[in-house]
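Undergrad: Sharing a structure with you now.
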Amino acid sequence: MKNLTIVADSNIASLDEFFNPVALGQNTEQQVQVIRVAGRDINAQLMADVQPDVLLIRSVTSINESLLSDNNSVKFVGSATIGTDHVDQEYLAERNITFANAAGCSKHSVAQYVVTAILTLRPQYWQQSTKPLTVGIIGLGNIGSTLAQYANDLGWKILGYDPLLATSDINNASLEQVLSQSDIVSLHVPLTDKKDTDAQDAVSNSISNNVSDYPTRHLINAETLTLMSPHTMLINSARGPVIDAAALEADIDATERQVVLDVFEHEPQISESLLSKLAIATPHIAGYTLEGKLRGTQIIYDALCEKLAVLPVLSMHQLLPLNTYLWFELKEHPDRLQKFYDIKKDDAALRNKITNGKVKGSDFDQLRRDYHLRREWQAQTISVTI
């Protein structure tokens, strides 16, 4: 067998532990070479020069024909992220390149981020009242449905909208109802464009198959924002362009709405004008827990082992230190929320990077790269395993 060459985003957790000859079941005479590269530096020239067998990425790297046209060796692409809007899966299928993404890897991390944001800004929502808080969830995949579990556990009412799923106890409302009847609206959708339109051609780094009958680009715009009460808090931890940033700024100016953004339309650059209007802003780290990161690596490691026809020999739980952050403890002692996750610290770190009216892309990426990973809150009633 030939040696195995892997090009990997250097920000993927525990690369050395998961991607070595022993963990990949390779014989001792075969080498596994892992070339670490910043995600935004994985380009067509690198792929042509190195000719790797395996490519491991995150959402900052777009996978398409322009990246791989001069590469003849890649047989496996793994994305250690939930989303897939950065990957042209149709092109990979045409090339017979196996693709795996880490579906659900950070669903608890992101759901806990949203709960933290809500209760940091409105601590009164810890208390049960005669009129329960209504949480509107747009997108009920892995993350949205997990957020619904936490909301239910806190006694909150749930209004959910996902046109791609069957009606259920949580998929129970129209988009208009969610926007107009909720105290909180939280977005958990992929980024998609309209079918049969040239719109995506005008968007840099767009993915050719990233289209839908229910497009989400600018789902939240000047028109849909008018459906929301000024009291309604808006949270986006999905994809930045789901919200029209210009319309959002105008809306906040008019309504003083509380808005929480972990993702931004023009990420990694953020304007000071937008940032100054937000109640909480963080640098795309909602899913950045130790468990979420390791789970993402575990999932693509398991998929690569399947591709190589070897049995996985490493579990993320072998790498995890003891976790003392317990969900039931937090519910009993809401005053410990800041100890569990101080979201304002992440907010301040981002705002401190403002120079000349903006946060530079390099500073945004640095905050993500050097982020001190949080721990997930462990729970008995809400599953936190893979």
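Using the three backbone atoms N, Cα and C, a Cβ is placed for every residue, glycine included.
Note that the coordinates shown come from a computational prediction; the quantities given were computed from them, not determined experimentally.
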Undergrad: Which of these, Ser59, Ser106, Ser237, Ser315, does Swiss-Prot list as part of the substrate site with Thr81, Tyr288?
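TA: Looking at Ser59, Ser106, Ser237, Ser315, the one Swiss-Prot places in the substrate site next to Thr81, Tyr288 is Ser59.
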Undergrad: Please state which member of Asp183, Asp193, Asp253, Asp262 Swiss-Prot lists alongside Asp162, Gly287 for binding NAD(+).
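TA: So, going by the record in Swiss-Prot, that would be Asp262.
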Undergrad: Using the Cβ center of Ser59, Thr81, Tyr288 as the substrate site position, which other residues in that chain lie within 8 Å, going by their Cβ?
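TA: Along the chain, the qualifying residues are Arg58, Ala80, Ile82, Gly83, Ser106, His284, Gly287, Gly296.
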Undergrad: At its widest, how many Å does the recorded substrate site span between Cα atoms of Ser59, Thr81, Tyr288?
TA: 13
Undergrad: Of the recorded positions listed here (Thr81, Asp162, Arg239, Asp262, Glu267), which is spatially closest to His284 (active site, proton donor) when Cα positions are compared?
TA: Asp262
Undergrad: Closest to Gly287 (NAD(+) binding site): which of the recorded positions Ser59, Thr81, Arg239, Glu267, going by Cα position?
TA: Thr81
Undergrad: To the nearest whole angstrom, state the Cα distance for the pair Thr81 (substrate binding site) and Arg239 (active site).
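TA: Computed Cα spacing between Thr81 (substrate binding site) and Arg239 (active site) is 12 Å.
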Undergrad: Looking only at Asp162, Asp262, Gly287, which the record lists for NAD(+), tell me the maximum pairwise CA distance in angstrom.
TA: 21
Undergrad: Go through Ser59, Thr81, our binding-site residues, and report the one whose Cβ sees the most other Cβ atoms within 10 Å.
TA: Thr81
